[in-house]
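The next block holds one structure in the form of structure tokens; read it before the comments.
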Amino acid sequence: MASTTEPTTLKREEEEEEDSKPAADDEDTGAQVAPIVKLQEVAVTTGEENEDVLLDLKSKLYRFDKEGNQWKERGVGTVKLLKHKETGKVRLVMRQNKILKICANHLVLPTMTVQEHQGNDKSCVWHAADFADGELKEETFCIRFASVENCKAFKDKIEEITESLAKDSGESEEAKTAASLIEKLSVEGKDKEEKKEAEEAPLASEGKKDDNAKQEISGDGK
């Protein structure tokens, strides 16, 4: 004689299986639903549109806090060396990951030097007048890379840029000196001409007086 509990048990299991099955996908009715809020595309400018990227490396940046006498993390992100297409000026810019907040923004000047940080061949330090906070501040930075190769690439590129800027600066100074010398010679030549004219003017005047006197004597004689 079969047990009366078996059908009930099977039915319960079937109901549980039905309940555990995922809900069927909604049928596509073909109707188009307009979005509640329509978003417009907005052009985002970073200020880097007129610059060429000379270097782009992932790194972690630190700033030396003089008051606390300690290094403080400035951000983790990408450091770039950018050269302006028109002026030729090069600046260092670093933005934090995701939020893209600027944590370093300053020009690379001929006097800028990058040194290894306390024997750590993955880190280096330098000084700069930084504008990341909206005003120029003298800062001491330390940057750390994931590899020795990246750190070396950063240092070598900075040295290459500073040497090029120093050379261009020297050439421009020579050009300025030459232009100044030419201008000086031109002014001196003009002064000499004016002085000569000034000296000759009284002589010419006296000569006219003598001629007039001679004419008068000649007239009296007649």
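Yeah, the Cβs are placed from backbone N, Cα and C, and that goes for glycine too.
Residues or ranges marked as region 'Disordered' by TrEMBL: 1-34, 187-222. Residues or ranges marked as compositional bias 'Acidic residues' by TrEMBL: 14-29. Taken from TrEMBL, the feature domain 'RanBD1' covers 32-167. Among the features that TrEMBL reports, compositional bias 'Basic and acidic residues' is placed at 187-199, 206-222.
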Residues in the domain 'RanBD1' (32-167) per DSSP class, helix first, strand next, coil last, are 20 helix, 65 strand, 51 coil
For the domain 'RanBD1' (32-167), the averaged pLDDT of the predicted model is 92
